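Taken from Swiss-Prot as is:
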BINDING   N6, R17, G212, G233, Q234  3-amino-2-oxopropyl phosphate binding site
BINDING   D8, H9, R44, H49, T99  1-deoxy-D-xylulose 5-phosphate binding site
ACT_SITE  H42  active site, proton acceptor
ACT_SITE  E69  active site, proton acceptor
SITE      E148  site 'Transition state stabilizer'
ACT_SITE  H211  active site, proton donor
Amino acid sequence: MKLGVNIDHVAVLREARAVNDPQIIHAMFEAVSGGADQITIHLREDRRHINEDDVKNIINLSPIPVNLECSINSEIIDIVCELKPHRATIVPEKREELTTEGGLSLDSLNLKNVISKLNDNDIKVSLFINPKKNDVIMSKELGATCVELHTGAYANTFLMLNSNLNHTKYKIDNLNLKRGELEILLNSELTRIKEAANISTNLGLEVAAGHGLNYQNVTAISSIKDIFELNIGQSIVAKSVFVGLKNAVKEMMELVK
């Protein structure tokens, strides 16, 4: 199992004061020192954290592959084609969201053209999708070589079942259920991910997973044999506040491997 470390939240901290501290390149090298297999970053249309200079510097200096998350916005795709990361993961994007809220809608008329353009520029293409059979099949038909399964529903259910989240202002209202119901739902979400991963592998797609994964919930996902890579960010950066980024990555690597 490989670990992609998303360092977007280091850039979020930098932008909180609009100064060049902490430096994103320093974060990249700390993640590498901790054993990361890949650096993941998201160049959003609103540039709320990562910007073009960050992307260029990380791609040029990273000793490990760079996975660049992006929307299908034409300006963004042109930047991706120019900078040529190892992989481009196409994600849905809404300006009002705090983070990516769900998998891609695969019925966009422009999506196939974007995938073709990225392939023509020798960039591996992954689609960030919900763990559904039809989405996996469509991803293959559209020309993707990889899918990243959205683990947000699993992660949210796990949190509501196994933490005090329900007693905070961050509780998830639609998951305000009895423990027995949450346990059934958690098993259902895990089964959905396993089945989607298996279908993907059978179709010849590489399978990654991510969103909301942390030190408590990652083991069940990392044990799925059809998944070859996990992309994890916020929980690692949060842990790094107390133990340092290198050590935070090391701890996650121990769980993932």
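Cβ from N, Cα, C; glycine included.
Just so you know, the Cβ of E69 (active site, proton acceptor) picks up 26 other Cβ atoms within 10 Å once every protein chain is counted.
For H49 (1-deoxy-D-xylulose 5-phosphate binding site), the nearest neighbour among the listed recorded positions (H42, E69, Q234), judged by C-alpha distance, is H42. Spatially, by CA atoms, the recorded positions E69, E148, G233 include one closest to D8 (1-deoxy-D-xylulose 5-phosphate binding site), and that is G233. Taking Cβ-Cβ distances under 8 Å and a sequence separation of 6 or more, the neighbours of N6 (3-amino-2-oxopropyl phosphate binding site) in its chain are T40, I41, H42, G210, N231, I232, G233, Q234, I236.
Sequence-distant neighbours of H9 (1-deoxy-D-xylulose 5-phosphate binding site) (same chain, 6+ apart, CB under 8 A from its CB) are H49, G233, Q234, V237, A238. R17 (3-amino-2-oxopropyl phosphate binding site) sits 19 Å from R44 (1-deoxy-D-xylulose 5-phosphate binding site), counting Cα to Cα. Neighbour count (other Cβ atoms within 10 Å of the Cβ, all protein chains): 20 for R44 (1-deoxy-D-xylulose 5-phosphate binding site). Whole-number maximum of the Cα to Cα distances across the 3-amino-2-oxopropyl phosphate-binding residues N6, R17, G212, G233, Q234: 26 angstrom. Other Cβ atoms within 10 Å of the Cβ of D8 (1-deoxy-D-xylulose 5-phosphate binding site), summed over all protein chains shown, number 22. In this structure, R17 is the one among the recorded positions R17, H42, H49, H211 with the smallest number of other Cβ atoms inside 10 Å of its Cβ.
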